[in-house]
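Undergrad: Just dropping this structure here.
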Amino acid sequence: LPSPTPRSLTQPATPDLLVSPSSQDGDLGSECPEDRGNWTGRLDFLLSCIGYCVGLGNVWRFPYRAYTNGGGAFLVPYFIMLAICGIPIFFMELSLGQFSSLGPLAVWKISPLFKGVGMGTILIVSLVAIYYNMIIAYVLFYLFASLTSDLPWQHCGNWWNTELCLDHHVIRAGNSSLPINISNTVSPSEEYWSRYVLHIQGSSGIGDPGRIRWNLCLCLLLSWTIVYLCILKGVKSSGKVVYFTATFPYLILVMLLIRGVTLEGAWKGIQFYLTPQFDHLLSSKVWIEAALQIFYSLGVGFGGLLTFASYNTFHQNIYRDTFIVTLGNAITSILAGFAIFSVLGYMSQELGVPVNQVAKAGPGLAFVVYPQAMTMLPLSPFWSFLFFFMLLTLGLDSQVRTEPREPAVHSRQPEGSGDPLLLQFAFMETIVTAVTDEFPYYLRPKKASFSAIICIALFLMGLILTTEGGMYWLVLLDDYSAGFGLMVVVITTCLVVTRVYGMKRFCRDIHMMLGFKPGPYFRACWMVLSPATMMALLVYNIVKYQPSEYGNYQFPTWAEALGILMGVLSCLMIPMGMVVAVLQEEGTLWERVQQASRPAMGWGPALEENRSGAYVASLAGSQSPKPLMVHMRKYGGITSYENTAIEVDREMEEEDEEESV
């Protein structure tokens, strides 16, 4: 019998160049990257965003910022800035991530000329992740210290205390009718923080780090271990963790609120917190403070929101989620103010001093004032454990969003406004996703190992923060790592999307994804109001620049130069990325710039079933290492995809001209 006729002889063979790489059985099929994965449920994304935004800044920063800027009157500029700057930029980041299903580096296929913005984002996130995990280590330290019948910062008389230590129990036992001057004294909790936890007396400054504090080093190692285990399987694991870390802090916050408002003198603190002083609204500083609070509390610009949204399904209603998260974040901040100031009011009454003498912000509140207040309550170890466990879950949830340098307050402790743990989830997921999306064929199958390498590297870089002089380095990182550099990144992103990519094209993308176009409110904010507000913030921070301080310690000139270099380096990534993109193109300089500013071939929805309109002619395997366009450019000619893209661009330009007319 004759042998079967080979299929290749009975049917015409399809040229390799016309076959989608994803449909081939040869070497290209084996090179297709693993699936990025998606959230296992819609609540995964929403809770992750809530945990990312609602964090330490809501608890230790907003209440203090409110009462120093007009009390209840501060809510007026706060909500105005939320509408102008917060909600629109938040929605823009989510839209970019969900539409493209790409991380903060690969998403710049939207305009490869500005890929340096993504590199600047990764640099900022890496620097912040180094020191923010140190804050989680401090929280873990206090959490373990609370597992005792008698809190170690409750009394004076320990080896770390000095003659300036004044025990509040002694004050209460004395004649409480007499006013007491505590200005020249130090509380036991403050000396516990500075002399025992930090052991800062062992260092003379930032150039003399001293010895490693091994108890802090072990806490830092534990914090990185927790973060790694939570992101081990990507969003499938961290998406489940947030069900606990994003919701449990609210339970504890409500418990602390109920306990606080039932204390004697609580109304004194709440009145101090909310009494409106409308004359403050005439000060530009109050409006700047409101904009800063919104900008950093929502965590825009760090890539975390974009990364989370990139794991959504294509038609997830992020418009609704934007308002849920941003308004929920604002309400949580106000609620936390009641919980904090009710306890501070009780504390001021117990000590017989005004509320403003016990009110602090940042770590001064979390590690000094509130722990001292806990010692005044019955079952103080229990309430202390709950408080620090709340801070831990907030931190696990969030991405670290540091506060910018505040020119008006420099004798402060570092005031990162992010949430310690979901924050770290977001930071690590941002870094890992950004790099694996750039090299999906090599890194996605080894994502667990790659994540471990990143965690180990950042842990080793953070070891200097565990030394006796580590707080000086932490302040330097906090002041400079995500200040003006982050603002430049966000401003550039906003301008590129609206001016280079095009507002009408961006609105069409959102319409393809959600079924409707953004209204005049969003378009006006994206085009004018949001970038103008952020530019004002950037100019304000530059004009009001002052050298860093920690208490009475003045940072040396070389340390200031190093800090400024950290901030400038993230900005320099943008022109460096431009140079690389231009060199990869062909033609005259202007032609190269034009080509590099146009969307790359792989830009658009990740799945073919979601591609329509301008994206329908793209290749199914456009993210393969050997797409059709690469072959055609190598051997000459122009592809049908390029023809279609050129025609679509012309049609869109004609439509834009007609609409403008």
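Backbone N, Cα and C atoms are what each Cβ position is placed from, and that goes for glycine too.
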Undergrad: For which of the residue intervals 290-311, 422-443 does TrEMBL record transmembrane segment?
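TA: Transmembrane segment, as annotated by TrEMBL, spans 290-311.
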Undergrad: So, in TrEMBL, which cysteine from Cys165, Cys217 is disulfide-paired with Cys156?
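TA: Checking TrEMBL: disulfide partner of Cys156 resolves to Cys165.
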Undergrad: Whole-number Å only: compute the distance from the Cα of Asn329 (Na(+) binding site) to the Cα of Cys165 (disulfide bond).
TA: 38
Undergrad: Could you state the whole-number distance in Å separating the C-alpha atoms of Asn58 (Na(+) binding site) and Cys156 (disulfide bond)?
TA: 31
Undergrad: Reported as an integer number of Å, what is the Cα distance between Gly51 (Na(+) binding site) and Cys156 (disulfide bond)?
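TA: Cα of Gly51 (Na(+) binding site) to Cα of Cys156 (disulfide bond) measures 37 Å after rounding.
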Undergrad: With the transmembrane segment (323-347) as the reference, which stretch in 290-311, 367-396, 563-583 has the largest tally of C-beta pairs below 8 Å?
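TA: Looking at each of 290-311, 367-396, 563-583 in turn, the most contacts to the transmembrane segment (323-347) are made by 367-396.
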Undergrad: I'd like the number of other C-beta atoms within 10 A of the C-beta of Val54 (Na(+) binding site), please.
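TA: Val54 (Na(+) binding site) is surrounded by 29 other Cβ atoms within 10 Å.
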Undergrad: Just to verify: the residue among Ser297, Asn329 with the fewest other Cβ atoms within 10 Å, which of the binding-site residues is it?
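TA: The binding-site residues Ser297, Asn329 were compared, and Asn329 has the fewest Cβ atoms within 10 Å.
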Undergrad: If you measure from the Cα of Cys156 (disulfide bond), which of the binding-site residues Val54, Ser297, Leu394 is the nearest?
TA: Leu394
Undergrad: Test the contact criterion for the transmembrane segment (367-396) and the transmembrane segment (563-583): 3 or more CB pairs under 8 Å, pairs 6 or more apart in sequence, then answer yes or no.
TA: no
Undergrad: Do the transmembrane segment (480-501) and the transmembrane segment (75-96) come together with 3 or more C-beta pairs under 8 Å, pairs six or more apart in sequence?
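TA: With 3 or more qualifying Cβ pairs, these stretches touch.
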